[in-house]
Amino acid sequence: MPGIDKLPIEETLEDSPQTRSLLGVFEEDAAAISNYVNQLFQAMHRIYDAQNELSAATHLTSKLLKEYEQQLSSCHAVLSTQLADAMMFPITQFKERDLKEILTLKEVFQIASNDHDAAITRYSRLSKRRENEKIKAEVTEDVYTSRKKQHQTMMHYFCALNTLQYKKKIAMLEPLLGYMQAQISFFKMGSENLNEQLEEFLTNIGTSVQNVRREMECEVETMQQTIEDLEVASDPLYLPDPDPTKFPVHRNLTRKAGYLNARNKTGLVSSSWERQFYFTQGGNLMSQARGDVAGGLVMDIDNCSVMAVDCEDRRYCFQITSFDGKKSSILQAESKKDYEEWICTINNISKQIYLSENPEEIAARVNQSALEAVTPSPSFQQRHESMRPTVQSRPPATRTSSTGSLGSESAALSALSLDSLVAPDTPIQFDIISPVSEDQPGQAKTSGQLGRRTNPFGETGGSKSETEDSILHQLFIVRFLGSMEVKYDESPDVVYETMRQILAARAIHNIFRMTESHLLVTCDCLKLIDPQTQVTRLRFPLPNVVLYATHQENKRLFGFVLRTSGGRVDSRQTSVCYIFESNNEGEKICDSVGLAKQIAFHAELVRIFWGSL
């Protein structure tokens with residue numbers, strides 16, 4: 001007998017739209033079986049009623065025909081009994097027991113699914129700022145109980161639907177077989193000459209029914225054992241946020257699927273969250289709602305950027321922004337493991353690693369190279385013990401460009417080795433440390449000392465601001481991503497490579513928090529100002545800004561190179577590249593810096609001209 005398609009019990013815990021779609025096919029089949037069996041039951045009941053009527057009529061006739069009383073009455077009475085036992089009983093049992101069991105399990109499964117959705121919704125709303133351990137424990141226990149109940153109910157429902165595929169064959173064959181056997185027995189009473197071919201056919205049908213029954217019993221036993229094994233193995237997964245020590249994060253994935261909460265704006269300040277099934281397909285992020293046959297495109301994630309965000313006091317939120325910065329999505333994962341895996345997976349896909357022959361191997365190699373090449377930011381205590389970045393006491397790691405496998409860097413950059421752009425042993429600073437305090441202590445006392453309270457549009461204290469006479473005053477909102485020393489400051493490629501290094505380091509070391517500042521552009525300097533206290537965090541003299549550029553594809557990213565007079569070794573001249581993120585104003589900031597340098601240049605020419613007179 002050919003194999004019978006069945007529902008995969010192993011995929012009940014994931015509860016994906018594909019599994020729900022396949023479940024819908026089996027439910028439609030069960031509904032069609034129920035409709036057909038009802039019609040077959042009515043037809044056979046008519047046969048049974050007609051035979052009872054024929055038996056009663058024959059009995060009445062036999063009273064008039066005394067010589068045929070015993071023969072006719074007994075034959076028809078036996079036929080009625082055989083029809084009741086062999087034809088009506090199996091179809092009635094299938095109709096009243098098996099089909100009703102399917103309907104009952106469907107209702108129980110729907111209730112369990114709704115309870116699980118409600119529990120997940122309550123869990124997703126847990127606040128990370130005002131955590132209440134009692135409420136968190138209650139909500140977690142509710143998710144555990146509802147998920148376990150849904151999983152167990154779904155597995156038994158799938159088992160019943162799979163069993164129905166066997167039972168429906170028996171339900172069709174047994175009543176017909178019983179009807180034919182009853183008729184043959186009836187005819188045998190009046191004739192000894194029975195067609196041997198028909199009898200052999202009925203024997204084969206009976207053997208087939210027994211084989212189907214034995215196969216069904218073996219399949220049911222196997223499914224029950226699978227259910228028991230899955231219940232034991234899935235117990236830790238019922239928790240919404242499983243223990244990371246038992247379920248480690250996979251950072252080399254290039255494909256991922258699962259449920260996420262998507263943030264949808266409903267007004268200027270209001271928004272709603274919708275839980276949908278998301279999956280990656282090549283370089284695309286797709287979503288699929290329950291009941292949909294196929295998924296729909298959310299965005300192209302080739303060369304995109306992904307980072308963690310704080311959103312409406314919800315945990316595990318991250319934002320994906322397309323390569324051109326025109327489209328973004330804020331999503332919420334269910335657990336920290338899923339949250340980190342989604343960020344790492346999208347980061348791997350954005351580098352187009354999935355186009356290679358062994359994507360996971362290449363992703364592992366790229367991440368390992370980044371781990372070896374990137375030095376994380378020092379701790380808070382270390383930074384305040386020494387404001388100067390220290391050289392790491394390890395052999396310099398050889399850095400190699402990955403343009404051959406990714407193909408996303410420019411042609412000019414591919415012609416340069418990484419060592420010609422970035423110092424091989426330099427650390428990456430993810431927090432703000434004033435370059436003035438390191439390299440220009442004398443100037444810091446006279447112009448823009450760190451920690452000084454500054455009003456970018458007016459006076460500071462009672463003294464006159466150094467930028468008050470400046471023609472240009474432009475203010476931008478920026479977020480500091482990181483900085484690192486570079487060896488090459490004559491091409492925008494060094495800014496692009498520094499952006500790539502810092503973004504990769506943030507993803508690898510799980511550093512997602514950024515400091516927001518106001519960037520003030522004047523004809524004298526660039527200043528980073530605390531938006532709350534108006535304290536100057538960083539001051540960059542404009543003549544020292546030798547290079548500035550915005551990202552070629554993501555216009556929110558921009559950076560500039562600051563050339564300083566003192567470095568880490570032998571007081572040589574060094575160059576440091578600073579990378580920032582803005583609100584889609586990278587080009588405007590670069591234009592403003594260019595305008596400031598032009599104004600300063602013309603002012604210097606005028607000063608030299610008048611000084612020579």
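Backbone N, Cα and C atoms are what each Cβ position is placed from, and that goes for glycine too.
Automatic prediction, not curation, is the source of TrEMBL annotations.
Here's what TrEMBL has on this protein:
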type     : residues : note
COMPBIAS : 397-406  : compositional bias 'Low complexity'
DOMAIN   : 253-351  : domain 'PH'
DOMAIN   : 476-601  : domain 'PID'
REGION   : 373-406  : region 'Disordered'
REGION   : 432-466  : region 'Disordered'
Residue counts (helix, strand, coil, in that order) that DSSP gives for the domain 'PH' (253-351): 15 helix, 46 strand, 38 coil
Three-state composition of the domain 'PID' (476-601), taking helix and strand from DSSP: 35 helix, 53 strand, 38 coil
Model confidence over the domain 'PH' (253-351), averaged pLDDT: 87
